[in-house]
Amino acid sequence: MSDGERSNSPGLGIGAVCLGVLCLASMDALAKWLGQAYPIIQIVFFRTLFALPPVAVLAYVSGGFQLLRPERLWVHLLRGLLGTGAILFFFTALRYMPLATVWTIAFSAPLIVTALSRPLLGEPVGIRRWAGVLVGFAGVLIVIQPGTAGFEWAMLLALAGTLSYSLLLMTARKFAASETAPAMVLFNMLVPLVIATVITPTVWTMPAGWDWLAFVGAGLLGGSAMIFLTLGYRLAPAAVVAPFDYTALIWSVALGWLIWRDWPTPATWAGAVLIVAAGLYVAYRETRVHRRAEPPATDAR
């Protein structure tokens, strides 16, 4: 896909991202549903197993299977462990908490990436972005309400999952020059699948009836989300489509209410507003900074 196609199809790009986010929210809803009756590691097993076919399709259309060979195996193993931690923490948090609350906390991942960019990546962070990060973290505190009756211990699991996911994003940025995106995605599925394959037989619970479809559906939705999100970011500039990642809040609220009659608390709504606003502002500032850093366009380029 050419650069022109990437920048000339914003409507299609936005639509693809919205579909990808809907797939992720639906996958989490299935994981929450299954988590009431099945071990979390068993859910991880099926989620990664049945995500592999869509991931294989993504790898093929991204340039062929030759791109799956890693240059630094240890990088992919580290990313796989971070991905395993993220999915275990998130799925366990979903067992005990409303879908929208977990997603709201997860929205702080870009803010964590920004906060850690200086010490871990050596990237400068301006005062305005730091202000956005602090506002977003204030939103997280409003959601989790530490030291009050509204605090739930499972919120710490959601925070741990968000931190793991943030570090996963940072490794992708750190090693983007040497490792291909298809290889990163594949190993991020393979490592948790191997770990889950070893552990699942020790806690196996035979799925009943339609639950088989829920297990398969969770995996297919997760893999399909990767395809749609990748497509969305190819069809349009990141600055255009990235804000639509936050449509996950709409889907998670809707699914949570339809299935469990969960409705976000006032604290969750207030925190979500701050986190989303801060995330959008930080993304906007990063776009401005990157544009200034780019050299002027010339005919030779």
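Placement of Cβ uses the backbone N, Cα and C atoms for every residue, glycine included.
Per TrEMBL, domain 'EamA' is recorded for 12-144, 153-278. Residues or ranges marked as transmembrane segment by TrEMBL: 12-34, 40-61, 73-94, 100-118, 130-147, 153-172, 184-206, 212-231, 238-260, 266-284.
As a quick check, the transmembrane segment (100-118) and the transmembrane segment (212-231) miss the bar of 3 or more Cβ pairs under 8 A, pairs 6 or more apart, so the two do not touch. Sequence-distant contacts of the transmembrane segment (40-61) (same chain, at least 6 residues past either end, Cβ-Cβ under 8 Å): 27, 31, 34, 67-68, 84, 87-88, 91-92, 95, 182, 185-186, 189-190, 192-193, 195-197, 199-200, 203-205, 215-216, 218-220, 222-224, 226-227, 230.
Looking at the domain 'EamA' (153-278) alone, the prediction's average pLDDT is 92.
Packing against the transmembrane segment (12-34) from elsewhere in the chain are residues 6, 43, 47, 90-91, 94-95, 99, 102-103, 211, 214-215, 217-218, 221-222, 224-229, 231-236, 240-242, 244-245, 247-248, 251-252, 255-256, 259-260: each is 6 or more residues past its ends and has a CB under 8 Å from a CB in it. Helix, strand and coil counts from DSSP across the domain 'EamA' (12-144) read 111 helix, 0 strand, 22 coil. Residue counts for the domain 'EamA' (153-278) under DSSP, split into helix (H, G, I), strand (E, B) and coil, are 105 helix, 0 strand, 21 coil.
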